[in-house]
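Asker: Shown below is the structure under consideration.
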Amino acid sequence: MKKICIINGPNLDIIEKREAEYYGGKNFNDILTDLKNEFPQFNFDYFQSNIEGEICKKINNFGNDISGLIINPGGFTHNSVSIRDSLSLLKIPIIEVHLSNISNRENFRRINLTTSKTIGYISGFKEFSYYAACFLMKKYLID
Ligand SMILES: O=C1C[C@@](O)(C(=O)O)C[C@@H](O)[C@@H]1O
């Protein structure tokens, strides 16, 4: 079974407490349970951290068992040279996701340092952004 990693950055551990119009109001653990049911082809490795260096460390220590990465860097999307540098080391498909549509929010969310190191990004579909990323990952790794 292919193992894929989902990495969530800062404040994505509390999305149920954040603005529902952007983040959907659902707890990420429930979203993850639904993803596991919807995509039984994948073995999911989930990692969340509010600390930039921890996310770099997780990516830098990926073993050969990880076939794909779905990452929502949260606020680090807009300012992390370090996470961008870690992503550039990977030779596996990377898809970036955002719950909210980052193109119609504040201007600072249009600065995006990580996306160009991924195949592409999905933004604005709340929890379904993750579903779309898993669907696409299935196309890249299995179908
Ligand atoms: O924390 C987040 C979440 C986010 O990545 C999203 O999923 O929509 C968008 C970011 O701008 C924001 O800082």
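Here the Cβ of each residue, glycine as well, is placed from N, Cα and C on the backbone.
Unlike curated records, TrEMBL annotations are generated automatically.
Okay, so TrEMBL annotates it like this:
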- Arg18: site 'Transition state stabilizer' (SITE)
- Tyr23: active site, proton acceptor (ACT_SITE)
- Asn72, His78, Asp85, Leu99, Ser100, Arg109: substrate binding site (BINDING)
- His98: active site, proton donor (ACT_SITE)
Asker: Given the recorded positions Arg18, Tyr23, His98, which one's Cα is the least distant from that of Asp85 (substrate binding site)?
Answerer: His98
Asker: Please list residues from the chain of Arg18 (site 'Transition state stabilizer') whose Cβ is under 8 angstroms from its Cβ, counting only those at least six apart in sequence.
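Answerer: Sequence-distant Cβ neighbours: Asn11.
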Asker: Who sits close to Leu99 (substrate binding site): which same-chain residues at least 6 apart have their Cβ under 8 Å from its Cβ?
Answerer: Ile15, Tyr22, Tyr23, Gly24, Asn72, Gly124, Phe125, Lys126, Glu127, Ser129
Asker: Under 6 Å from ligand 1 by Cβ, which recorded positions from Arg18, Asn72, His98, Ser100, Arg109?
Answerer: Asn72, His98, Ser100, Arg109
Asker: When DSSP is mapped onto helix/strand/coil, what comes out for Leu99 (substrate binding site)?
Answerer: coil
Asker: Within its own chain, what residues at least 6 apart in sequence put their Cβ under 8 Å from the Cβ of Ser100 (substrate binding site), listed in sequence order?
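Answerer: Listed in sequence order: Tyr22, Tyr23, Ser123, Gly124, Lys126.
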Asker: Long-range same-chain neighbours of His78 (substrate binding site), Cβ under 8 Å, sequence gap at least 6?
Answerer: Phe108, Arg109, Ile111, Asn112, Leu113
Asker: Counting only residues 6+ apart in the same chain, whose Cβ is under 8 Å from the Cβ of His98 (active site, proton donor)?
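Answerer: Counting only residues 6 or more apart in sequence, the Cβ neighbours of His98 (active site, proton donor) under 8 Å are Asn72, Thr77, Tyr121, Ile122, Ser123, Gly124, Ser129.
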Asker: Going by DSSP, give the three-state secondary structure for His78 (substrate binding site).
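Answerer: DSSP call for His78 (substrate binding site): helix.
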Asker: Using DSSP and three states only, what is Tyr23 (active site, proton acceptor)?
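Answerer: SS state of Tyr23 (active site, proton acceptor) = helix.
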